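Working notes for the structure below.
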Amino acid sequence: MSVGGILFLSYLIISYIAGALISMTIILENRDPAKTMTWLLIFILLPGLGIVIYAVFGRNIRKIKMLRTQKLATDIKDKNLFENLDEIEELVTLEQKSIKNNRILNDLEDEDFVKRRVISLLLNTGVFPFTTNNNIEVYVDGNQKFERLLKDIENAKEYIHLEYFIIKESEIGTKIKNALIEKAKQGVKVRILYDDVGCWRFWFHRNFFNEMRKYSIQIEPFIPNKFPILGGKLNYRNHRKIVVIDGSIGYTGGINIGDEYLGRNKKFGYWRDTHIRVEGTSVYMLQMIFLTDWYYTTKEILLTKRFFPKIGHCGNSMVQVVASGPDSDWEAIHYAYFSAICQAKKSIYIETPYFIPDESLLKALNSAALSGVDVRIIFPKIADHKIVNTASYSYFSDILKSGGKVYLYTKGFIHSKVIIIDDKITSTGSANMDLRSFMLNFEINAFIYDKEVIDIMTKDFLEDMKNSEELKIEDFNNRSMVKKVKESIARLFSPIL
């Protein structure tokens, strides 16, 4: 045997031994069987390379000490970092007891059982208070959102907190940068958290952030990667979009900071998205999530009452702001979606740029459709991530077969993350309808139980249907064998997409 042959054989032996050892670790962690089988298949088909892929995407960070749950909880209690946490926990405890004793949600009718169940579930999966003093504005694209956001920044008096997955050096990025610098000159404190992977471009455009730092604007990466392409933390991203201004105004949704969100990308054209502006007590939760993320990132203690001012009457919208991530005890957003879908009686409307549900959600949607519930999904016809888009189509087969309907958005690209159940509940935020959002990313969603807001969301959904073409089951079944094979192969990798 040649030297090259011996080296190659040695490489294979070492790769398979390493793959076997890692496989044993994965098996002993009792992970989801589908994910486990996916990794075993990758190790067999891609010796050596599979180990690299696992190092980047596969490690169970939930069990690695880099994450904050236990340490942060201990710090909060031991150092009394968050003066308001006791009050919020007490509120949640009282709400839990009230739900059990049927004393909460007195304004809801008996048929609003689905609301009670979801509210109760979210109270029991984390510190997510149910708030009733809120006013909500809904935006359908970046133009609406940024016009309002820039005005709110201009009117800021004490501080501005921003947390984004993507911040691009762009026309809108420059406008926001200049507005923040102007406020910093006036003495307003500005803090920015960004995802190190989502903002990878700043490795080549550092001056954008550095210019803001000159004016004492604090800018920090969440879970920084020294080597963002190979880092083991790459798979765990902060996908949240949060803005809090003076503790009284908050924003969350699906719109990052970049010109494509204003419809200026030639490939995508019009960019349809959903974002909300909130005034009221639910801003406390947006603030708490931001300050907790800030403390985890910087160890700077800001969890004090000055960041939670008294808020007068703002409106009557009922809201729960919910955070989830790989550090959470429960996949709160995932569980809430599952619960709401299972209890739907009339309709389930979903907008998502990526559709990779786990088996439980897929069965819940299929069961609902087979039971006569009106299941509709709006999905982009244009793909921004080809393999994810291809994998998504493999799941549409089950939806269409069970009687659900799928619509492909044709006006441009739809990035909106919305679910509407029975005109009773709507949720929007940063979470997509995929495994990454439910299990890997740090996400934030607002669950809204207000009829006026739900009617607005429903109207927007029906308008989006007019700008979409229905994916007929006959046409779908007649797609080429090559396309079917591509979809099936892409689906194999769905646990890590």
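Glycine is treated like the rest: Cβ placed from N, Cα and C.
Bear in mind that TrEMBL entries carry predicted annotations, made automatically and left uncurated.
The feature transmembrane segment is assigned by TrEMBL to 6-27 (among others).
Summarising the annotation, TrEMBL assigns transmembrane segment to 39-57 (among others).
Annotation comment: TrEMBL describes 234-261 (among others) as domain 'PLD phosphodiesterase'. The average per-residue pLDDT of the prediction over the domain 'PLD phosphodiesterase' (234-261) is 94, rounded to a whole number.
Taken from TrEMBL, the feature active site covers His239 (among others). The DSSP secondary structure for His239 (active site) is coil.
Within 10 Å of the C-beta atom of Lys241 (active site) sit 23 other C-beta atoms, taking all shown protein chains into account. What TrEMBL records for Lys241 (among others) is active site.
Look at TrEMBL and you will find Asp246 (among others) tagged as active site. Cβ-based neighbour count (10 Å, all protein chains) for Asp246 (active site) stands at 17. According to its DSSP assignment, Asp246 (active site) is coil.
Summarising the annotation, TrEMBL assigns domain 'PLD phosphodiesterase' to 410-437 (among others).
Marked as active site by TrEMBL: His415 (among others). Using a 10 Å Cβ-Cβ cutoff, His415 (active site) registers 26 neighbours.
Around the Cβ of Lys417 (active site), a 10 Å sphere holds 26 further Cβ atoms from the protein chains shown. Annotated active site per TrEMBL: Lys417 (among others), in sequence order.
In this structure, Asp422 (active site) belongs to neither helix nor strand by DSSP; it is coil. Annotation source TrEMBL lists active site at Asp422 (among others).
Residue density at His239 (active site): 25 other Cβ atoms are found within 10 A of its Cβ, drawing on all protein chains shown. Asp422 (active site) sits 22 Å from His415 (active site), taking the Cα positions as reference.
Of the recorded residues, His239 (active site) and Lys417 (active site) place their C-alpha atoms 13 Å from one another. Geometry remark: Lys241 (active site) versus Lys417 (active site), CA distance 12 Å. Cβ neighbour count for Asp422 (active site): 20 (other Cβ atoms within 10 Å of its Cβ, all protein chains included). For His415 (active site) paired with Asp246 (active site), the C-alpha to C-alpha distance reads 29 Å.
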